[in-house]
Structures are given as C-alpha cells and as structure tokens.
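Report on the structure given below.
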Amino acid sequence: MHSRKICVSLGQPTMPQALEASLRIFGADVIEVRLDYIDVPEIDPFVESLATDLLFTCRPTWEGGLFAGTEEDRLALLAEAVRAGAAYIDLELRSAEESHQYLRTYLAERETELILSYHDFESTATLAKLTGIIDQMQDAGADIGKLITTANSAADVVRVFQVLEYAAKKGLPLIAFCMGEAGAVSRVASCDLGGYMTYCCADGAEVTAAGQITISEMRGIFARYP
C-alpha cells in the first residue's frame with residue numbers, strides 16, 4: 001500500500017508572497033514553508049490561514065539553504081513553529097548535537113514530528129554509507145528520515161530505492177529520492193516503493209530543487225497510474 005503523500009514547497013522571498021502562494025495551492029497533503037527563503041519570516045500567519053498540515057524548514061547555507069544567521073536564531077524559528085502547532089519541522093542530521101538536544105527537549109510531549117534530513121547535492125554515495133546515514137537518523141531520534149541525493153545515473157536511483165527498503169525493515173518512515181534530471185523518476189516512484197512523502201513545487205512557481213515537478217504534473221501521473 002502506497003501513501004502518495006505530496007508536499008508542496010514554498011520558495012517566495014517575502015511573507016505576503018509566500019502567504020498568497022500558499023492560499024493558491026490545491027491538492028497538497030503538506031505545505032513546506034521555507035523560512036530561510038523569506039526575508040522576515042513569521043510562523044503564525046501560516047498557521048492561522050491554512051488548514052493543511054505545515055512543515056517548517058529553515059535550511060542553513062551549509063546544507064544548501066539561504067539562512068546565514070546564527071544557530072540560536074534558526075532554532076528559535078523552528079521552536080516557534082512547534083509552539084504554533086506545526087505538523088512537522090525539518091532539522092539537518094548534520095546539525096550540531098546541541099541543536100538536536102535543544103529541539104528534542106522542546107518536542108517532548110508535543111505532536112509535531114521531527115524530520116531529520118540529509119542532502120547530497122553532488123552525488124549518491126555507496127549503499128553502505130547511505131544505510132549508515134539511516135542508522136544515524138534513527139539513533140538521533142528522527143520521527144521521519146529524509147535522504148535526498150543527486151543522481152548521475154540510473155544506478156544511483158536504484159541505490160536510493162534500496163535504502164527505502166532498508167529503512168522499512170528498520171521501522172523508520174523515510175522520504176528518499178534523487179535530485180537532478182536523472183533522478184526525476186524517483187520523485188514519483190518513491191511513493192510506491194515505501195517512501196513517506198514526495199516534494200513538488202506549486203503550479204507556476206519556480207522549482208526549489210533540481211528535477212522538481214509541479215503538483216499538477218505529479219497528481220496527473222498518479223491519476224494515470226493508480
């Protein structure tokens with residue numbers, strides 16, 4: 001049984017633009033608010049305006065994002081998202097241990113789920129390394145793992161699919177697919193191979209990651225291949 005859960009990522013640079021874009025999204029199961037893209041990010045306007053489950057991400061520059069502020073300020077935004085009732089927050093696996101401890105403490109007895117994420121913007125590592133990353137995510141207390149690599153060949157995509165199987169055996173819900181043109185198929189197929197969720201961009205919006213497709217395109221593919 002596949003989930004085919006779709007998350008639409010918002011990448012607008014201002015609060016008014018991001019809010020307006022979020023209200024025009026139809027058919028998404030989750031909306032990801034990229035706080036690192038917004039010039040003066042706020043949490044409450046999204047929570048108050050949207051009934052869709054919200055995922056808040058504040059990706060630092062060292063993991064391919066735009067946030068260049070202090071770790072204290074970044075964690076404060078994520079903690080505020082938890083307080084406001086976010087369904088998910090995304091924290092990088094490679095964040096400092098102190099950051100992990102802070103958010104684990106803040107998440108205690110709250111319903112927000114923690115996604116621990118890992119991104120490789122150049123390649124896809126060996127299967128042994130990738131499964132080791134899954135072990136690290138589970139050991140670090142992830143509710144959901146997120147493993148995103150860059151595919152330079154079909155073999156890279158196959159390895160990521162093997163990681164989905166490994167995570168399922170470990171009991172860790174996992175988001176896993178490949179960026180890049182060679183990995184575009186994985187964004188669709190991962191949902192049918194045990195992936196927890198896939199990511200799209202809104203119709204008419206700029207992509208927030210290489211190889212990303214729009215939600216209408218994704219829904220169309222799912223409809224053709226039920």
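Every residue gets a Cβ built from N, Cα and C, even glycine.
As recorded in Swiss-Prot, the features of this protein are as follows:
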type	residues	note
BINDING	Ser9, Glu32, Val33, Arg34, Arg59, Arg187, Thr208, Gln212	3-dehydroquinate binding site
ACT_SITE	His119	active site, proton donor/acceptor
ACT_SITE	Lys146	active site, schiff-base intermediate with substrate
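Comparing Cα positions, Lys146 (active site, schiff-base intermediate with substrate) lies closest to His119 out of the recorded positions Ser9, Arg34, His119.
Lys146 (active site, schiff-base intermediate with substrate) has a Cβ environment of 25 other Cβ atoms inside 10 Å. A gap of 15 Å separates the Cα atoms of Arg187 (3-dehydroquinate binding site) and His119 (active site, proton donor/acceptor). Calculated from their C-alpha atoms, the gap between Arg59 (3-dehydroquinate binding site) and the residue listed as 'active site, proton donor/acceptor' amounts to 11 Å.
Comparing Arg34 (3-dehydroquinate binding site) with the residue listed as 'active site, proton donor/acceptor', their Cα atoms are 15 Å apart once rounded. Cα-Cα distance from Val33 (3-dehydroquinate binding site) to the residue listed as 'active site, proton donor/acceptor': 18 Å (rounded to the nearest whole number). Long-range neighbours of Glu32 (3-dehydroquinate binding site) (same chain, six or more residues apart, CB within less than 8 Å of its CB): Cys7, Val8, Ser9, Leu10, Leu54, Leu55, Phe56, Thr57, Asp90, Tyr199. Sorted by the number of other CB atoms within 10 A, the recorded positions Arg34, His119, Arg187 start with His119, the lowest.
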